[in-house]
Structure formats: structure tokens, C-alpha cells
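Report on the following structure.
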Amino acid sequence: MDNTTQRIDAAAADRSDPLRGFRERFHLPEGVIYLDGNSLGALPESVRQRVLNTIDKEWGVDLIRSWNTADWVHLPQRVGACIARIIGAEEGAVVAADSTSINLFKVLSAALDLNPGRSKIVSERENFPTDLYIAEGVAKQIGKGHRLVLSDSPEDIPGLLDEDVAVLMLTHVNYRTGYRYDMAALTRAAHDKGILVIWDLAHSAGAMPVDLSGAEADFAIGCGYKYLNGGPGAPAFLYVNPRHHGGFRQPLSGWFGHRAPFDFDSAYTPSNKIEQYLCGTPPVLAMVAMDEAMAIWDDVDMAALRAKSIALCDLFIQEIDSFAERLGLRLVTPREPELRGSQVSYSCENGYAIMQALIARGVIGDFRAPDIIRFGFTPLYLSFAEVEKAAAILKDILETSAWDAPEFHVRGAVT
Ligand SMILES: Cc1ncc(COP(=O)(O)O)c(C=O)c1O
């Protein structure tokens with residue numbers, strides 16, 4: 001697609017947007033253009049009431065009976081089933097639990113156990129750091145000499161896949177650049193060499209259609225608090241292809257992964273279903289928020305979501321193209337829609353201060369060290385007019401050097 005010739009008219013795009021009705025289902029403060037739903041999704045309106053009801057009635061009045069009467073005990077499976085529908089997973093193949101980091105520990109340990117006699121875990125140097133840290137930790141923990149082999153560019157991955165690789169572990173959409181791997185093709189290439197594949201869907205789930213089953217992926221993990229709008233620190237999810245259920249063990253053998261937790265057996269007998277990947281008691285308040293947030297997805301046409309995501313990103317790139325070079329911005333996200341997720345990133349000098357100046361003007365994105373300003377586009381609650389306005393504000397901040405005020409150089413703990 002030639003982005004320079006197909007100009008997007010923001011007003012016309014908003015008028016014909018089939019998803020425009022979803023915005024009113026989110027609580028968004030006045031005067032904010034929220035381009036950070038890839039980091040923390042906005043608050044769905046119905047979540048507040050649902051969580052209050054859980055606190056006041058289920059916890060406050062029904063007390064411990066709510067594990068059964070409100071079915072708290074099955075929240076991980078219920079939320080997992082909703083997530084399964086938007087990531088193309090089979091029924092009973094997804095649970096919500098723990099954090100993405102912990103879930104990676106569980107599935108990577110299990111995958112290495114399933115593929116013995118091989119010594120390498122392949123990933124990319126630019127993967128999200130927690131994925132690499134967990135892989136290092138798992139290799140150390142197992143103590144069988146596994147080593148991490150990291151590619152320096154996405155094109156190099158196929159060349160690293162050989163008969164000594166046990167697991168290919170990639171993030172589908174890169175958190176910094178927004179580059180998107182071809183899940184089906186890479187999974188196939190890995191399987192041809194007997195390699196198991198783990199996909200981190202942190203920046204894909206809820207941002208685009210995903211087809212884990214079609215790709216025959218082995219495992220997947222991802223965050224609940226980004227495009228799924230589950231709230232700060234929301235439970236994460238994990239997927240295990242049904243062909244691996246019951247075939248091996250994950251190492252965090254807590255009682256919720258037992259075949260019959262309420263038998264209170266002193267010996268651990270793992271569930272032979274996805275439940276084996278649960279560990280301990282689910283955080284009910286967070287799970288309830290996540291459960292409510294997932295209700296929105298029943299009504300979302302994922303093809304329309306992807307089409308709008310591409311158009312929002314195209315519009316932002318188109319607007320910024322007119323001043324990027326002159327004002328020191330370098331696009332690091334692929335222009336080709338099929339090679340990117342739902343974010344647009346630029347590298348630039350003084351990125352941290354520029355982002356702080358944007359936030360002060362109501363345009364919320366984020367900064368990723370050392371030099372990336374990152375903008376996420378969530379089709380359920382963003383308009384084309386807002387995207388156009390955000391680009392104009394960025395231009396103004398750069399042209400006037402408004403970012404150079406001392407307060408914008410003060411670093412917070414979270415960037
Ligand atoms: C690709 C990816 N994986 C994992 C995480 C974080 O995992 P956790 O929720 O365990 O902090 C992030 C956070 O932004 C991420 O971008």
C-alpha cells in the first residue's frame with residue numbers, strides 16, 4: 001500500500017467508523033487523547049459497578065459462600081474462555097492467572113521438558129526484557145546447560161532454527177518498534193525442525209485478530225491490562241495447545257493445579273487439563289474487573305477492529321510525515337500494515353521530555369529508553385479526529401521547543 005497517495009480524511013473516517021459506538025462504554029477523562037492503551041487500557045464503564053458489587057455484596061454480605069454462589073472459583077477459566085475467543089484458541093485451552101512473566105516461566109519450563117536433548121532457546125535481543133530475564137532464569141533453574149540465542153533482527157530468526165533448538169520464544173508484536181511477526185509462517189518453520197513455539201501476545205490480544213489454533217502454536221501468554229482493558233496489574237493469560245494437555249508438568253505445582261484441590265490430598269496429582277497451569281488462589285477483585293472488561297469483546301468484530309487500527313496508524317504516520325524529518329523524528333515502526341501491530345513509534349533526541357510535554361497537553365503516550373516515543377492506537381475508544389489533533393500537538397511542541405522546560409526533564413519511576 002502506498003501511504004503517500006491515499007490520504008485519510010479524519011472527519012469522513014469518523015463518520016463511517018463502524019466501531020464508534022464503543023467509546024461510550026469506556027470512561028475517558030475530558031481533554032485527554034489516550035494513546036497508551038497498549039500499556040494500560042482505559043476503564044470500561046461497567047467495571048466500577050461490577051467491582052463495587054463484588055465488594056459490597058459478594059464479599060461484604062455473602063462472604064466465603066461467594067466462592068460457590070458467585071462462582072469465584074471458576075473465574076480463571078471463565079475469563080480464559082473469553083480471551084480464547086479473540087486469540088483463536090480452542091475451547092478449554094486458555095486460563096487467566098498470575099502475571100505474564102510468571103506464565104512464561106510456567107510454559108517455558110514445560111516446553112523445555114517436552115523437548116529434551118536440545119540445548120537452545122531462540123528469541124530476539126529486542127524482545128521485552130522480562131521475557132529474556134525469565135528465559136535466563138528458567139535455563140539456570142533447570143540446570144541442564146540450556147542457553148539463550150538471540151537474533152539481532154527479525155529476518156535472522158529462520159536462520160537460527162536448527163535441530164539443537166528446543167524452543168522458539170517470540171513476542172508477536174514488538175513492544176518498542178511495533179514490528180509484527182508472521183505467526184503462522186514462523187511456527188511452521190520451527191515445527192519443521194522439531195522446535196516448540198511460545199508466542200507472547202502482550203501487544204496482540206485485543207489489538208487484532210489472532211489465530212493460535214490455525215497457526216498450530218504450542219503455547220502463548222499475554223497481559224490483561226493492555227488492549228484487554230482489565231485494569232492495572234490485571235491477571236495475565238496463558239494458552240496451551242490441547243495436544244500438550246496432560247503430557248507433562250509445569251513447575252509451579254500449587255493446589256489450584258491439582259486434579260481435585262478440595263480433596264486436600266497430601267500428594268500432588270496434576271490436572272490433565274489447562275487447570276494444571278493455575279497455581280494458587282485467584283485474586284478475585286482483579287479477576288472480576290477483568291471478567292467484566294471482557295464482556296465488551298462479545299460485540300466486537302475483530303476484522304473491523306484491525307481495519308480501524310491500521311487506518312488510525314496510517315493517519316498518524318501520514319500527519320507526522322509532513323514534519324518528521326525537519327523536526328528530528330525517525331519512524332521505527334514498519335509502514336506496511338501487515339508488518340506492524342497497533343502502535344507507532346519514533347526515535348528522537350529528548351524523547352522523554354517530548355513525551356512529558358505531550359502529556360502536559362493531554363496527549364498520553366509513553367517513552368521507552370533509550371530514545372523511543374511510543375503511541376498506541378486502541379480502535380474501541382479512539383477517534384480519527386483525536387489522532388489528527390495529537391499529531392498537530394506533537395508538531396507544535398517540537399516547533400516551539402516547549403519540551404525543553406525544566407519540569408519535562410524530571411524523570412518519574414515509570415516512563
Ligand atoms: C511483551 C511483553 N511481555 C511481558 C510484559 C510484562 O509482563 P508482566 O505483566 O509480568 O509485568 C510486557 C509489559 O509491557 C510486555 O510488553
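Placement of Cβ uses the backbone N, Cα and C atoms for every residue, glycine included.
Positions annotated as pyridoxal 5'-phosphate binding site by TrEMBL: THR100, SER101, PHE128, PRO129, THR130, ASP131, THR171, ASP200, HIS203, TYR225, TRP255, THR281. Residues or ranges marked as N6-(pyridoxal phosphate)lysine by TrEMBL: LYS226.
Neighbour counts were taken as the number of other C-beta atoms within 10 angstroms of each residue's C-beta; across the binding-site residues THR100, THR130, THR171, the minimum falls on THR130. The 6 Å Cβ screen around ligand 1 retains THR171 from the recorded positions THR171, LYS226, TRP255, ordered by sequence position. LYS226 (N6-(pyridoxal phosphate)lysine) is 7 Å away from HIS203 (pyridoxal 5'-phosphate binding site) when you measure Cα to Cα.
DSSP assigns PHE128 (pyridoxal 5'-phosphate binding site) to coil in the three-state reduction, outside any helix or strand. For HIS203 (pyridoxal 5'-phosphate binding site), the count of additional Cβ atoms within 10 Å of its Cβ stands at 27 [all protein chains shown]. Of all the binding-site residues listed (PHE128, TRP255), TRP255 has the fewest other CB atoms within 10 A of its CB. Max Cα-Cα distance over the annotated pyridoxal 5'-phosphate binders (THR100, SER101, PHE128, PRO129, THR130, ASP131, THR171, ASP200, HIS203, TYR225, TRP255, THR281) is 31 Å. The C-beta environment of LYS226 (N6-(pyridoxal phosphate)lysine), restricted to residues of the same chain at least 6 apart in sequence and closer than 8 Å, consists of GLY37, ASN38, SER39, LEU40, GLY41, ALA202, HIS203, ALA205, GLY206, ALA207, GLY376. DSSP assigns TRP255 (pyridoxal 5'-phosphate binding site) to a helix in the three-state reduction.
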